[in-house]
Structure formats: C-alpha cells, structure tokens
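S.K.: Mind having a look at this structure? Questions to follow.
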Amino acid sequence: MASFAQAAKSLLLKEFVGAFFLSMRQFFAPKATLNYPHEKGPVSPRFRGEHALRRYPNGEERCIACKLCEAICPAQAITIEAGPRRNDGTRRTVRYDIDMVKCIYCGFCQEACPVDAIVEGPNFEFATETREELYYDKDKLLANGDRWEREIARNIAMDAPYR
C-alpha cells in the first residue's frame with residue numbers, strides 16, 4: 001500500500017506542482033526590496049551610526065571633558081585632552097579624537113556622557129577610500145553634530161521615555 005501511494009505521488013508530480021505554485025505565488029507578490037541609492041529604508045531612533053559632538057543652542061560645545069566616554073570605551077577608540085579650567089570653573093576639550101577603525105559602535109560612550117555631548121547619529125553612509133579618513137578629530141565631530149543636529153535631537157526626544 002505504501003508503494004502504491006509513493007507511485008501515485010511520483011506519477012502525479014505532487015512535489016513539483018506544489019513547488020511550482022509556491023514559486024508563482026512569490027513571483028507575483030509585491031517586491032520587498034528598495035532601490036537603495038535613491039530610496040532609503042526607515043532607521044530606528046536608536047540607530048548607532050556615525051559619531052557626532054553636539055553643541056548647546058548658544059553655540060558652545062557640550063563636552064565638559066569629564067573623560068567618561070574615554071574610560072568606558074571597550075575598544076579604546078576615544079582619546080581626549082582637556083584644556084585648563086576656565087574662569088567659570090568649567091573645562092572644555094583641546095583634543096577629542098575617535099578612531100572609527102577601532103570603534104565597535106556599542107553606544108557606551110553615548111550612554112556614559114552626562115551632558116549628551118557625544119552621540120551616534122543617524123548617518124550610515126560614511127564609507128571612505130583611506131583609513132586616515134576614519135580618524136575623526138574634534139572639528140570633524142562638531143561638523144557632524146551641526147549637520148545632523150535636527151535628527152539627533154528628534155531621536156533623543158523620541159527615546160527619552162525609555163532612558
């Protein structure tokens with residue numbers, strides 16, 4: 001009896017017909033791909049992309065040179081040199097470098113920062129041709145912050161209830 005069922009299946013090509021209809025159903029289903037350079041998919045507010053240093057609304061940089069991000073970085077990709085204390089008792093950085101080749105995009109630096117100075121922004125398109133371009137200095141980080149400030153502020157505001 002089992003051999004009869006086996007012969008009937010092979011004679012009627014049950015597996016072939018089932019696979020054919022499955023293929024046809026997928027062929028006519030709506031496409032799930034994007035035309036990437038021209039269309040970009042949605043990015044989560046918690047997305048960890050290119051690093052940026054933020055400024056206060058008055059234009060002053062937020063980083064207070066506490067060096068918590070440098071201490072917590074597991075890849076040791078951040079280097080900070082603090083300047084002398086100012087008249088009001090605060091400090092600012094003289095040098096703030098991130099080696100993006102070493103960075104593992106864990107987000108610990110962003111979590112450790114008490115003033116939300118260092119953030120990982122929404123930009124994921126920062127490929128370079130040389131390794132030297134992946135060594136970000138303070139000017140490059142501040143420029144990233146200025147360029148992406150609106151999106152960064154929106155993402156931080158959306159994520160605020162969960163912090």
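Numbers run from 1 along the shown chain.
Including glycine, each Cβ sits where the backbone N, Cα and C put it.
Just lifted these from Swiss-Prot, have a look:
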BINDING   C63, C66, C69, C113  [4Fe-4S] cluster 1 binding site
BINDING   C73, C103, C106, C109  [4Fe-4S] cluster 2 binding site
DOMAIN    53-83  domain '4Fe-4S ferredoxin-type 1'
DOMAIN    94-123  domain '4Fe-4S ferredoxin-type 2'
S.K.: In sequence order, which same-chain residues at least six apart have a C-beta under 8 angstroms from C73 ([4Fe-4S] cluster 2 binding site)?
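M.R.: In sequence order, the residues whose Cβ lies under 8 Å from that of C73 ([4Fe-4S] cluster 2 binding site) (at least 6 apart) are F108, C109.
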S.K.: Near the domain '4Fe-4S ferredoxin-type 2' (94-123), which residues from the same chain, at least 6 beyond its ends, have a CB less than 8 A from one of its CBs?
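M.R.: Here the qualifying positions are 43, 47-54, 61-64, 66, 68-69, 71-83, 131, 134-138, 141, 144-145, 148, 151-152, 155-156.
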S.K.: How many helix, strand and coil residues does the domain '4Fe-4S ferredoxin-type 2' (94-123) contain under DSSP?
M.R.: 5 helix, 9 strand, 16 coil
S.K.: Write out, in the order they occur in the sequence, the residues of the chain not among C63, C66, C69, C113 that have a C-beta within 8 Å of the mean position of the C-beta atoms of the recorded [4Fe-4S] cluster 1 site.
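M.R.: These residues sit around the [4Fe-4S] cluster 1 site: I64, A65, K67, L68, E70, I80, C109, A112, P114, V115, A117, I118.
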S.K.: Please compare the binding-site residues C63, C106 by how many other CB atoms fall within 10 Å of each one's CB, and tell me which has the fewest.
M.R.: C106
S.K.: Which Cβ among the binding-site residues (C66, C103, C109) has the fewest C-beta neighbours inside 10 Å?
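M.R.: Fewest other Cβ atoms within 10 Å, among the binding-site residues C66, C103, C109, is found for C66.
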S.K.: Any same-chain residues 6+ apart from C69 ([4Fe-4S] cluster 1 binding site) with CB under 8 Å of its CB? Would you list them in sequence order, or say none?
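M.R.: Spatial neighbours, sequence-distant, of C69 ([4Fe-4S] cluster 1 binding site): I78, I80, F108, C109, Q110, A112, C113, I118.
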S.K.: Roughly how many angstrom lie between the C-alpha atoms of C66 ([4Fe-4S] cluster 1 binding site) and C106 ([4Fe-4S] cluster 2 binding site)?
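M.R.: Counting only the Cα atoms, the answer is 19 Å.
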S.K.: Cα-Cα separation of C103 ([4Fe-4S] cluster 2 binding site) and C63 ([4Fe-4S] cluster 1 binding site), in Å?
M.R.: 19
S.K.: Note the Cβ centroid of C73, C103, C106, C109, the recorded [4Fe-4S] cluster 2 site, then list each other residue of that chain whose Cβ lies within 8 Å of it, in sequence.
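M.R.: Checked against the 8 Å cutoff, the neighbours are C69, I72, P74, A75, A77, I78, I98, I104, Y105, G107, F108.
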